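S.K.: So that we are looking at the same thing, I have put the structure below in structure tokens.
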Amino acid sequence: MGKKRTKGKSVPEKASSESTEPMCRHLRKGLEQGNLKKALVNVEWNICQDCKTDNKVKDKSEEEAEDPSVWLCLKCGHQGCGRDSQEQHALKHYTTPRSEPHYLVLSLDNWSVWCYKCDEEIKYCSSNRLGQVVDYVRKQAGRITSKPAEKNNGHIELENKKLEKESKNEQEREKSESMAKENIPLDSASQITVKGLSNLGNTCFFNAVMQNLSQTPVLRELLKEVKMSGTIVKIEPPDLALTEPLEVNLEPPGPLTLAMSQFLNEMQENKKRIVTPKELFSQVCKKATRFKGYQQQDSQELLRYLLDGMRAEEHQRVSKGILKAFGNSTEKLDEEVKNKVKDYEKKKAIPSFVDRIFGGELTSTIMCDDCRTVSLVHESFLDLSLPVLDDQSGKKNINDKNVKKTMEEEDKDSEEEKDDSYMKTRSDVPSGTSKHTQKKAKKQAKKQAKNQRRQQKIQERFLHFNEICTTNYTEDNDHEAETALPGEGEVDTEFNRGSQEELTQTELCANQKDVNGQEEMIESAADERKCPEHPEVKSVSTESDLGSLTSAPECPRDLNGAFLEERTSGELDITNGLKNLTLNAAVDPDEISIEILNDSHSPALKVYEVMNEDPETAFCTLANREAFSTDECSIQHCLYQFTRNEKLQDANKLLCEVCTRRQCNGPKANIKGERKHVYTNAKKQMLVSLAPPVLTLHLKRFQQAGFNLRKVNKHIKFPEILDLAPFCTLKCKNVAEESTRVLYSLYGVVEHSGTMRSGHYTAYAKERTASCHLSNLVLHGDIPQDCEMESTKGQWFHISDTHVQAVPITKVLNSQAYLLFYERIL
């Protein structure tokens with residue numbers, strides 16, 4: 001009778017009208033209130049029933065340390081450990097064949113309801129049937145406590161405290177013994193603590209990253225500065241006529257930054273062994289809704305969204321402060337004030353705390369084989385995504401295959417293959433396991449091909465317009481312009497005032513994904529003679545299959561002309577730039593220079609410049625790199641592949657602007673004034689030109705094979721001390737003069753174990769004394785010297801959500817690393 005009464009009940013109309021969320025269709029079959037009331041009499045709460053029976057022979061304190069989340073079946077009242085545990089008894093209970101399925105479970109940690117059949121959370125309110133059942137369970141669990149429950153809970157709490165004390169004392173004893181062996185003084189003020197993190201529902205990918213960020217003490221130091229109220233900063237004026245800097249009063253930081261600061265303080269100061277990062281995770285989900293829904297996600301993508309979100313909040317603070325400094329609201333701004341604000345924002349005198357800690361710079365060097373002109377492209381990064389070659393696939397390196405393509409292939413097929421291989425090799429392939437991620441990969445390939453076609457059409461129109469401008473202007477002023485190319489290795493251009501024929505640019509429009517994995521449409525220019533008041537942010541492709549530079553002569557622009565800016569949405573607004581082009585702007589050659597910007601506003605800034613660089617040293621590094629060309633199973637070899645020297649030839653030839661001008665001015669010049677573009681063979685190499693204080697390396701284990709994703713389980717060796725010098729330019733910044741070493745010490749690892757469909761993220765973190773040299777480098781810009789290398793001793797811990805265990809360094813080095821965190825020591 002009880003069962004019939006329960007099934008006959010319907011959801012009240014009031015509840016259905018109040019709830020805006022769609023109700024689960026398995027609610028009627030998965031909910032049995034009568035069975036629940038019987039099962040919840042004299043029951044031990046928050047303990048897995050199956051683990052309790054299976055673990056009689058196991059050590060009790062060991063199980064207490066793991067503390068898995070417990071889920072209550074709403075059909076029969078069974079309590080089982082969740083998906084984040086090793087046994088997953090709650091999931092096994094659901095998959096057990098029965099006459100009536102047990103779909104619904106209730107979390108005894110956060111009181112959320114989950115449907116295994118729908119594989120999603122069910123929303124409820126207190127007025128409907130599900131909400132009433134949850135309220136009843138919460139009362140029975142002791143939220144509204146009865147006297148016998150108080151006694152029972154008090155007894156359990158006493159036992160837990162005893163076990164906690166014993167395990168804590170044992171850990172401290174082991175820790176002190178290991179420290180005594182290594183002769184490290186225990187200093188509570190400078191020591192970094194290691195704690196467990198509660199799993200909020202398939203959030204191990206989040207916990208593993210947070211464990212490593214919590215072991216970055218310089219991040220906590222900078223966040224303390226950011227949180228200081230009434231912070232006043234000074235920004236140098238962009239106009240040289242103005243001598244006094246602009247004083248900007250910054251607002252309080254954004255919610256994500258505040259949540260991050262609060263989390264780091266809890267990890268350092270909280271006396272509890274386990275921290276629940278609920279507020280920080282909710283702020284991340286607000287910035288990126290893809291992390292909602294308790295599905296397994298990718299750790300590297302989480303790190304990217306987290307750092308980019310905090311950086312965006314910092315830039316917003318500065319922009320609002322500049323507006324307030326001009327005494328204007330954001331609603332009404334005249335054009336003059338808007339231009340001033342933009343000029344100050346482009347000055348970028350205040351790098352965000354994210355860039356100060358994790359920010360580095362890559363320089364792509366391209367040299368024409370004919371005229372030996374060297375051009376440099378600077379690109380900022382927060383982490384490096386390194387390719388992992390799979391021996392089992394039996395495929396050659398995709399980049400090498402693209403370089404060796406011949407002109408005999410059809411253009412359409414060649415472009416499709418280049419786009420496809422580009423996504424496989426150097427882009428950050430989404431590594432989630434959900435169907436959403438796979439669909440996103442398909443859309444990405446289609447979008448890239450579409451953008452490529454659109455860019456070709458825009459480029460053709462732009463070429464046609466500029467050829468008309470150049471031809472008309474050349475007929476009148478051809479006798480006034482003269483260009484001298486004195487010799488190989490350098491470009492020396494002579495100007496006559498008022499002659500603007502030689503003010504040409506090389507335009508590159510390429511649809512690519514940058515080193516940080518963010519797709520963008522990039523306009524790249526090599527303008528040797530541009531105005532310092534309007535330096536343009538430019539970029540060039542970082543892939544060998546995009547090595548064919550496409551150039552166009554451009555009419556000189558007025559000093560007040562609009563910029564063709566790099567758009568984050570990938571759209572190149574070329575119309576506005578063409579409206580402001582003029583033909584008679586006189587420019588003084590002495591005032592023209594190339595300016596290298598350190599932009600922190602875009603995730604991956606790229607600056608293009610033509611250098612009078614010595615071709616013999618343009619591709620040299622701080623240290624020898626050839627020793628890493630053979631060992632394919634090491635992180636050094638991955639860096640070697642990432643920074644290897646490439647040949648741009650055949651279908652990937654370079655459109656050289658210098659060779660094009662030389663041919664136009666030579667005896668074979670076209671009488672009609674038409675420019676015939678010259679494509680030449682070239683060399684290209686990407687190296688680190690700014691060593692970041694904290695180096696983050698991402699091993700691309702999740703790779704795209706067609707429309708599917710696969711994981712490369714190959715073990716990659718990584719050292720405890722990494723020398724980045726073989727992969728740095730000779731003029732690398734943040735490196736002491738005449739130094740041939742750039743040393744980093746490993747302090748954190750994110751490991752992914754399992755397969756694409758069923759895996760788990762864990763972290764290895766190093767408890768150590770905070771580095772003084774790293775703090776001085778980040779806070780004051782003091783470059784570490786050779787004689788000042790610090791000790792790298794410390795204790796390693798393996799953290800799997802709430803479980804923390806001390807491990808030797810050998811276990812860390814044998815792990816299947818997915819993310820590596822290195823801190824600068826020299």
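Just so you know, glycine gets a Cβ as well, placed from its N, Cα and C.
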S.K.: Among 78-105, 498-525, 526-553, indicate the range for which Swiss-Prot gives the feature region 'Disordered'.
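M.R.: Of the candidate stretches, Swiss-Prot labels 526-553 as region 'Disordered'.
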S.K.: By the record in Swiss-Prot, which of Ser414, Ser434 is the one labelled phosphoserine?
M.R.: Ser414
S.K.: Using a 10 Å cut-off, grab the number of neighbouring Cβ atoms around the Cβ of Lys139 (SUMO2 cross-link), all chains included.
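M.R.: A count of 13.
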S.K.: With DSSP as the yardstick, break the zinc finger (22-141) down into helix, strand and coil residue counts.
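M.R.: Going by DSSP assignments, the zinc finger (22-141) contains 43 helix, 17 strand, 60 coil.
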